[in-house]
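Feature list (source: TrEMBL):
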MOD_RES   39  N6-(pyridoxal phosphate)lysine
ACT_SITE  39  active site, proton acceptor
BINDING   132, 296  substrate binding site
DOMAIN    227-348  domain 'Alanine racemase C-terminal'
ACT_SITE  248  active site, proton acceptor
Ligand SMILES: *Cc1c(COP(=O)(O)O)cnc(C)c1O
């Protein structure tokens, strides 16, 4: 076997920052347990590693979207619990019944399927106004829940990242609906929901974004640390003479002679075209702006003021999530979940 050569792009993942973010969210959750949403491969970071680090910090309640995601994590769960947010389809039943992960049942059909198979403990999602997944809270048939061993009764907020009247409406409906339902715990808040205050915390919170360095509401600024830092290697350094252009579409035209470094990173790695002419690499606090369009596998940055940089050197990309979101027009969620597979993921 020939060893694979090291990748020319690396994702530095800060495990201390990940744990500190969870600890801050756990504190902000008050007496409620603080879980972790690790769907979509741990928001692009790598679900197995995220699970391992959060479990070491004390997190015991994890959530993924599908049974495919659950299957990858089951061997690593230890004492932790895992909820599968999309419930159970017929195709999932062979894996789901008797598994250590529990489905979050969303519809009368899913409940009938689970009861029919004597599936045992489960979670149940109530829709309180988002009209996404869950039993319709405005017309809840409580007989559906009879005989179900419910661990957690959940609902999900549609607008927790804004000061929107729907937050209070969903909270009030959730409070009404849970009366008399024999569930061991109640759960409403995602990252942003935790920041809405103690009324939203109930018994269990389910942050995702903020664990990974996302700032869902202003209250988190200064408390949540950056976890993900993309780095790319310089493949070539070149001189761009005045009047010449850089990249596809010739969108950047030099008005004076510039020096460009071509980095091994592009939109196929999740550095999407919204960063064209807007993103930057970082050097000792100095921004080295992206010149022209992002290509599939390459970008160029201006290194005129960094004469020592050359082929083989590495640069970090500016990627603190609120800044990168403003630059690229992508949500903080999209920035994380589109991170590509070609990065070497290095937990630091
Ligand atoms: C994704 C998800 C979360 C986590 O949300 P964030 O906004 O990333 O904190 C929590 N609950 C449910 C049901 C989800 O789908």
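Backbone N, Cα and C atoms are what each Cβ position is placed from, and that goes for glycine too.
Location within the structure of each feature annotated in TrEMBL.
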residue : record                         : Cβ neighbours (10 Å)
39      : N6-(pyridoxal phosphate)lysine : 19
132     : substrate binding site         : 10
248     : active site, proton acceptor   : 14
296     : substrate binding site         : 10
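In the three-state DSSP reading, residue 132 (substrate binding site) counts as coil.
Looking at residue 248 (active site, proton acceptor) and residue 296 (substrate binding site), their Cα atoms lie 10 Å from each other. Counting residue by residue with DSSP, the domain 'Alanine racemase C-terminal' (227-348) contains 23 helix, 44 strand, 55 coil. A gap of 26 Å separates the Cα atoms of residue 296 (substrate binding site) and the residue listed as 'N6-(pyridoxal phosphate)lysine'. Distance between Cα atoms for residue 132 (substrate binding site) and residue 39 (N6-(pyridoxal phosphate)lysine): 17 Å, as a whole number. On the 0 to 100 pLDDT scale, the domain 'Alanine racemase C-terminal' (227-348) averages 98 in the predicted structure.
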